[in-house]
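The transmembrane segment annotation in TrEMBL covers B:6-27, B:34-53, B:59-80, B:92-116, B:136-160, B:192-214, B:226-250, B:257-276.
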Amino acid sequence: MSLLEVEDLAIHFGGVKAVDGVSFKVAPGEVFSIIGPNGAGKSTIFNLISRIYKPTRGTIRFDGADITGLQAHQVAPLGIARTFQNIELFDHSTVLDNLLMGRHTHRDTNFVQDMLFLPAVRRAERAHRRRVEEVMEFLELEAYREKMIAGLPYGVRKVVEIGRALAVGPKLILLDEPASGLSVEESQDVAFWIEDMRRDMGLTVLMVEHDMRLVAQVSDRVLAVANGKPLAQGTPSQVQADAGVQAAYLGTEVAQ
Amino acid sequence: MDLIQLLIGGVASGCIYGLVALGFVLIYKATEGVNFAQGDMMMLGAFIALGFVNSDHFGLAFIPGVLLAAALMGGVGYGIDRFIVRQIFGQPQFALVILTIALGFVLRFIAGSIWGYSPLVLETPFAGQTVPLGRINIGVADIVTILVTALLTLALWGFFAYTRIGLAAQAASQNQMAAYIVGVPVKRINSIIWGLSGVVATIAGVLFASKGAIDPNVGLLGIKAFAAAVIGGFGSLPGALLGGILIGVVEPLAARYLPGGISQMSPYIIMLAVLVTRPNGLFAQMHAKKV
């Protein structure tokens, strides 16, 4: 059974059909990538899955349940975490606090317990802190633990955002252009992390990415979209060989 | 000696400005909007407490009456956000400014039609009492005001630093999108913050009423508190409180030692001076920019 099923998804902004009839299924443990030229609607698909936009039509099912009607804050507790193309972090907090905020949905102590810092709260705090330390170790963020986000280089902030998504403890992680703006070595790190997420953490990964080398290296399957419409779906090499995909990327010859 | 008495009285009234300023800053930090009805929420809170406590009204004991009023105003604050402010979610800032100014008029009218427009006195257990300290006498109301403000500030600090809701509110104020994505119900948090500012306003109102009579127009004190919040940097809770205390202290000193009229102008003179010299406020958090 699929972990994520997107069926006939569409969103229209006025007359602009940003996403128009996209369907795909992601199996548990799969790395699934969405590619396409700029403005193809890739990030919009992410925003629809994480319930920031309401679709004009179509359904999104996660783990067997219809999540199309949920609100944006109800998605994380189900086990869906994500990163953003333009990095959305808590800029005036430390790396540690950003990752701890990822544990928000797992905090179940109440207001009075919190205020009195009771033993139950301390136990929970320690558990969350341990989880966050594991994530930091995995992403090699320890050196930045107490640093403010606002002062960190772009590449590190991108990794912090992946860290916060992992701290949520998701089943499905959505990575929106994780390698954009990164050096070759940094994108190679991202590739290794994605493989580890799948192999060691049992995560399912849905990724939007332009770097075809990264896509080909880590993806099981690829969906190509252009102008909001699906073009091709299959293994990375199948999709890269598709005539329609090549036309969308390289442009077609002008008809005589 | 005279000076010490002026100072203590000044700090006490400054605490009240500071608490109303805290209300401004709470809502500003969480929602990036300014609630110009904050002073009127203080006024309404004071009247509701008066309604519960005074012997010719419900006649409850003082502390339960005040707590009940604070809880009720918490509900009012939550409701204002949930049912009114949320309707203009996503509109320009300007809409909220006009909305809350209008809301202030409505609250004044409501209070006026229930409790009338002539000044009323809240019955407090410490009305008119003083404690001798050396050669001067200190009003118990002033001492209570300072202590309650200190405790409330401590509680608010604990709330934001340690509780799940407080941390979620901080997260939402830094980045709404990121807060949503880690599971923070941003709109509900906004309503909770409005409720909290209703509670703070009520406590400020009760402290204000313990020092004199109240009428439906006392909420105009909110303008002074607004100046206090600006002086403090408008994004900083301790800044708001310190800004309030600064105004509270300068006012009586100016009245005592400077020509007439300066005292009433002093909060705004300070605000202008701060805006010109340190536009981010005296106590603004430093955001170091790296290039």
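Keep in mind that glycine also has a Cβ here, set from the backbone N, Cα and C atoms.
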Task: Given the cut-off of 8 Å on Cβ pairs that are 6 or more apart in sequence, determine whether the transmembrane segment (B:192-214) and the transmembrane segment (B:257-276) share at least 3 such pairs.
output: no
Residues outside the transmembrane segment (B:226-250) whose C-beta sits under 8 Å from one of its C-beta atoms, at least 6 past its ends, are 7, 10-22, 24-26, 28-29, 34, 36, 38-39, 149, 153, 156-157, 160, 266-268, 270-271, 274-275, 280-285
Contact count check, CB pairs under 8 angstroms to the transmembrane segment (B:34-53), set B:6-27, B:92-116, B:136-160, B:257-276; argmax is B:92-116
Residues outside the transmembrane segment (B:6-27) whose C-beta sits under 8 Å from one of its C-beta atoms, at least 6 past its ends, are 33-35, 38-39, 41-42, 138-139, 141-143, 145-146, 148-149, 152-153, 156, 193-194, 196-197, 200-201, 203-204, 207-208, 211, 221-222, 224-226, 228-229, 232, 234-237, 239-253, 256
